[in-house]
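**Student:** Starting off with a structure, shown below.
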Amino acid sequence: MKEKNKHILVAMSGGVDSTVAAALLLAQGHQVSGVTMRVWDTEPLGDGREPAHIRDARKVAFDLGIPLHVVDLREEFLQQVVTPFCEEYLSGRTPNPCVLCNRVFKFSRLLREADRLGADALATGHYARIVEHDGLKVLAKGSNRQKDQSYFLFTLTQQQLQRVVFPLGEMSKEEVRTHAERLGLHVAQKGDSQDICFIPDGDYIGFLERQSHATDTEGSIVHVSGKRLGKHRGAYRFTVGQRRGLGIAWPEPLYVVAIDAAKKQVIVGEKEHLHVDRLVTTGTNWIVAQPQQPLQARCRIRYRHQEAPCTLVVLGNDRVEVRFDEPQSGVSPGQAAVFYDEDRVLGGGWIA
């Protein structure tokens with residue numbers, strides 16, 4: 001978006017990325033407002049006291065000279081992100097709440113907030129780009145491959161892409177920090193968030209037990225051959241691909257290859273049993289036109305996975321079969337599978 005004097009609402013987390021995104025838009029001559037979501041309080045707060053990320057966002061907004069709007073979404077976030085996250089884990093799947101938050105809140109709820117405030121567009125600090133291809137707005141990888149976040153954005157629609165801006169799409173993290181230092185912003189060296197925002201300590205098991213009242217439901221650890229090898233204290237304590245913490249002896253290293261929550265079984269096997277040559281996605285979203293014929297593409301099955309060559313076959317009812325040229329390991333039901341054509345995101349869905 002190169003036109004001057006646009007009113008752009010920037011989603012601000014109090015971190016360096018969204019702060020620099022706002023600063024860049026200001027430098028381009030846009031009218032900029034900030035918005036911060038209050039979705040989950042991870043620290044005890046006294047009456048009237050705000051979480052640290054909101055305090056940081058208020059300070060950088062003040063430093064930049066822009067208004068900041070705070071939207072309290074705690075109840076909706078509990079219902080639409082946290083509860084599904086817990087339910088997915090307890091059903092034996094490995095959820096990706098960041099993708100869900102992007103779909104439900106950052107690029108839906110905040111676009112409605114932009115409408116309410118009379119803003120023309122919404123900007124975020126994601127490392128991704130929007131490019132033109134065959135007359136469409138298409139999501140593309142950020143220029144800095146180490147920080148590329150396009151994987152988390154596959155649910156964007158054409159309508160949303162018309163109104164979304166990614167100011168950091170051509171930048172590296174080092175360039176972002178240098179720009180923040182040049183502006184004298186106090187968040188210049190603020191650390192990156194490494195965990196799910198509502199589980200900052202990374203203790204998923206403890207969170208599930210506190211939040212969803214998961215109990216130590218005992219079940220069996222079973223080899224792919226059918227041999228029972230031991231017991232566990234809850235299938236939600238395991239994820240596909242896990243090797244450590246199984247607590248069983250076997251001549252060769254064993255990995256979790258599947259979880260059957262209904263039977264309370266954790267199925268384990270040797271490494272070769274992790275390999276699959278195909279998967280099916282549900283809830284598939286196409287950013288480009290849905291292909292009418294099998295399509296050669298590349299598929300990423302987790303954030304740090306190198307996309308693998310594959311053939312996409314549309315099955316109908318938002319389902320797509322992904323047929324890999326070479327078997328892939330660590331395919332976890334509940335995670336996102338995102339389809340690429342070189343740098344461009346074609347779409348993606350949830351691994352069934």
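Quick reminder: no glycine exception, Cβ is built from N, Cα and C everywhere.
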**Student:** Let me know which member of GLY118, GLY125, GLY135 Swiss-Prot also records as binding ATP at the site of ALA11, MET12, SER13, GLY14, GLY15, VAL16, ASP17, SER18, MET37.
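**Tutor:** It is GLY125, as the record lists it for that site.
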**Student:** Between the two most separated Cα atoms in ALA11, MET12, SER13, GLY14, GLY15, VAL16, ASP17, SER18, MET37, GLY125, the residues recorded as binding ATP, what distance in Å do you get?
**Tutor:** 16
**Student:** Calculate the distance in Å between the alpha carbons (Cα) of ASP17 (ATP binding site) and CYS197 (active site, cysteine persulfide intermediate), and round it to a whole number.
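**Tutor:** Cα-Cα, rounded: 16 Å.
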**Student:** How long is the line from the C-alpha of SER13 (ATP binding site) to the C-alpha of CYS197 (active site, cysteine persulfide intermediate), rounded to the nearest angstrom?
**Tutor:** 11
**Student:** Near ALA11 (ATP binding site), which residues of its chain come within a Cβ-Cβ distance under 8 Å, counting only those 6 or more away in sequence?
**Tutor:** SER18, GLY34, VAL35, THR36, MET37, LYS106, LEU110, LEU122, ALA123, THR124, GLY125
**Student:** Which one is it: of the recorded positions GLY15, HIS126, CYS197, GLN335, whose Cα lies the shortest distance from the Cα of CYS101 (active site, nucleophile)?
**Tutor:** CYS197
**Student:** Fewest other C-beta atoms within 10 angstroms of its own C-beta: which of the recorded positions MET37, CYS101, CYS197 fits that?
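**Tutor:** Counting other Cβ atoms within 10 Å of each of the recorded positions MET37, CYS101, CYS197, the minimum falls on CYS197.
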